[in-house]
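Sequence annotations record features per position, and here Swiss-Prot assigns region 'Disordered' to 1-45. The compositional bias 'Pro residues' annotation in Swiss-Prot covers 30-39. Positions annotated as domain 'MCM' by Swiss-Prot: 484-691. Swiss-Prot lists GLY534, ASP535, PRO536, GLY537, THR538, ALA539, LYS540, SER541 with the feature ATP binding site. What Swiss-Prot records for 666-669 is motif 'Arginine finger'.
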Amino acid sequence: MDSFRKRGRRDSESLPFESENSSLGATPLSLPPSSPPPEFSDEAAEALVEEDIEDLDGEALDVEDEEGEDLFGEGMERDYQQNLELDRYDIEELDDDNDLEELDIGARRAVDARLRRRDIELDAAAGRTKPAAFLQDEDDDLDSNLGTGFTRHRHRIYDEYSPNVGALDESGELPLESIADVKADSIAEWVTLDPVRRTIAREFKNFLLEYTDENGTSVYGNRIRTLGEVNAESLMVNYAHLGESKPILAYFLANAPAPIFRIFDRVALEATLLHYPDYERIHSDIHVRITNLPTCFTLRDLRQSHLNCLVRVSGVVTRRTGLFPQLKYIRFTCTKCGATLGPFFQDSSVEVKISFCHNCSSRGPFVINSERTVYNNYQRITLQESPGTVPSGRLPRHREVILLADLVDVAKPGEEIDVTGIYRNNFDASLNTKNGFPVFATIIEANHISQLDGSGNTDDDFSLSRLTDDEEREIRALAKSPDIHNRIIASMAPSIYGHRSIKTAIAAALFGGVPKNINGKHKIRGDINVLLLGDPGTAKSQFLKYVEKTAHRAVFATGQGASAVGLTASVRKDPITNEWTLEGGALVLADKGVCLIDEFDKMNDQDRTSIHEAMEQQSISISKAGIVTTLQARCTIIAAANPIGGRYNTTIPFNQNVELTEPILSRFDILQVVKDTVNPEIDEQLANFVVSSHIRSHPAFDPNMDVLKKVPTETGIDAKPIPQDLLRKYIHFAREKVFPRLQQMDEEKISRLYSDMRRESLATGSYPITVRHLESAIRLSEAFAKMQLSEFVRPSHIDKAIQVIIDSFVNAQKMSVKRSLSRTFAKYLI
């Protein structure tokens, strides 16, 4: 060690910057301030380091032995003996020269650049910054042997910390194909980068201005012009068009809708200003509404994977809140200096808070400037699964839907709608308290809402029919069958034997008549109401259950468990906002469908009176808690009731057999009395049919069993039934596509029938015949015309309607006058 020190001193005495007149060897500090800095060599630098070490050691170095440590002593052999604990080496960590290859210049540049970025990030994280003089210049390494070629993009500082987006053009945008390669952790982060955002805006603007239909007409150019003509603020964009023209944008829209919609809305406003330069004076924003999203979910299909994605759901509106102002762009006023701060965009998930005034540098307090703050319309509705889509035995699911801007008040309770929106999560403290661990509530932020017709199709121009061309041809071919009426009647509840009159009434109710609106002022309903009254065990409830499964939209209720507000509508106080909200009942939820009420006679008189308006005017008027409104209840009502005492007494009139008032009875188009009479022949056939049904319904059923050959399978109606799936499609097609008109109607025959029925009703003391029954005859005629998909009501359809009305009227009479009435009305049945 001492020899090493001496060698270091000797080297230091011969440094090149020593002057000839120096005594002990001058250091650089002894040079004049104006002298140029001397050149340092590696040996000189090493010598200076050794001198510094010597000075720091001080007296500790003098303690060492002058001879140094003897490495060749007597214990030298022990150092080279085997030691199992220490002689263990990890092969992977050994620096083996054989496994290394010399890097080329490009690889060395990449390694150096990576190390340099690491140093910059570590310095930035530790708060250390280098002076500008020590920053490496971009030309330093070009002259060196390594030639790293490190280039700084001073005009784009964020590139050091953002993903490598690729090659940019002169305008800072990317080719459309390059943005498909997502170079970020998520699509939401990728589309927020400036180059990607500008590229998306450019491509969507080209889509709006250049997309044409098969005739070469600009689709969205015409829609933008129409938007300006009606002063609207929503631009409808078909998702199929976007997927066909710009599939990358459609993919980004489905998976990151929130940032994409902000880009689309800004581009839509720019495209609108091309046609209407001053349109911002009318609307400051244009909202892009996405229609025809290909996949439609039910509310129970939504999962965690759908969060923050664009979804499409359908359901029935059960509740709607009032209209609230929502902060959109907020401005604050500093109370100390009076400066106005903002505007700040108010997101729906994060509250805007400021803590510093740029004018007076104070930390508040700040108040909201209400005059210059921009608000947005806000409303919440509750969407519930449609009654026909809920699995049996399950409760219907519901979700809160947020309506913003011009979407408010587009749907009322009871209407079936199709919602396209963003499926979001929302913090709810009550759920955390209830479950004991963090749980988020989920909402749907609506982007587009369209009304659904009875068949589940939207009412906009972009809806697609559920029926294929082959199915429509099959339906029209079925309508040409000569016995189509009998086949439809035989297909009604095939598991129930007989009861042709009830099946005819139910078939007519499912097809319905044609609603009319006289000069837009007076509406005449087209739905047919049916009342089934009879003895226990006559399959009344089974008929209702069959209709519930067959009808496209059906709501089942019982008279004992249904109150007035449960059938019509109720007003409920929201526990959060303390606001009175409106909730629709069974009749409102069954709008454009069928409402089935079992045990109709068990209802209270007050509850039964509440449905008077719904049965005739097909609307429900509400005047409660300051809410005065009208809800739609355009539905068919099929009710079942038991007579007084349990069994129907044929010796007394109809109105004495049931506890129903005349206003209710007159609103039913068809009154069907079902009596359990003793008939040995019919009873034997019924018993055989029931046994056959049980045998065929067994899981181990064998169609080749000999016992079945002796058992009849007919339902008591001589016609071939239609498969149930085809029958449902047939009914939906007839209700939505066929609207028969009255032509060549025998007005004299109808008037004479009405006159005779009123006279006999007064004489027999039965239920009264009113003008409503005359309208019932017309509705039944239209229903039979719909069964044939006929465009006009023919005389044969009127004859069938008259037969149903006469049978309903005669069967409701006393036994003593039934035969005479049958002979009186026989002339109308020829």
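A Cβ is built for glycine as well, from the same backbone N, Cα and C atoms used for every other residue.
Worth saying up front: this structure is predicted, and the values here are computed from it rather than measured.
In this structure, LYS540 (ATP binding site) is part of a helix by DSSP. Mapped onto three states, the DSSP output places ASP535 (ATP binding site) in coil.
Residues GLY534, ASP535, PRO536, GLY537, THR538, ALA539, LYS540, SER541 make up the record's ATP site, and a Cβ search at 8 Å around their centroid adds ALA640, ASN642, VAL674, ASP676 from the same chain. With every protein chain in view, the residue among the binding-site residues GLY534, PRO536, GLY537 whose Cβ has the most Cβ partners within 10 Å turns out to be GLY534. The number of other Cβ atoms within 10 Å of the Cβ belonging to SER541 (ATP binding site), over all protein chains shown, comes to 16.
For the binding-site residues ASP535, THR538, the largest tally of other C-beta atoms within 10 A is found at THR538. The number of other CB atoms found within 10 A of the CB of LYS540 (ATP binding site), across every protein chain shown, is 24.
Long-range Cβ proximity for ALA539 (ATP binding site), meaning a same-chain Cβ under 8 A and a gap of 6 or more residues, is found for ALA493, ILE496, HIS499. Here the motif 'Arginine finger' (666-669) has, by DSSP, the following mix of helix, strand and coil residues: 1 helix, 0 strand, 3 coil.
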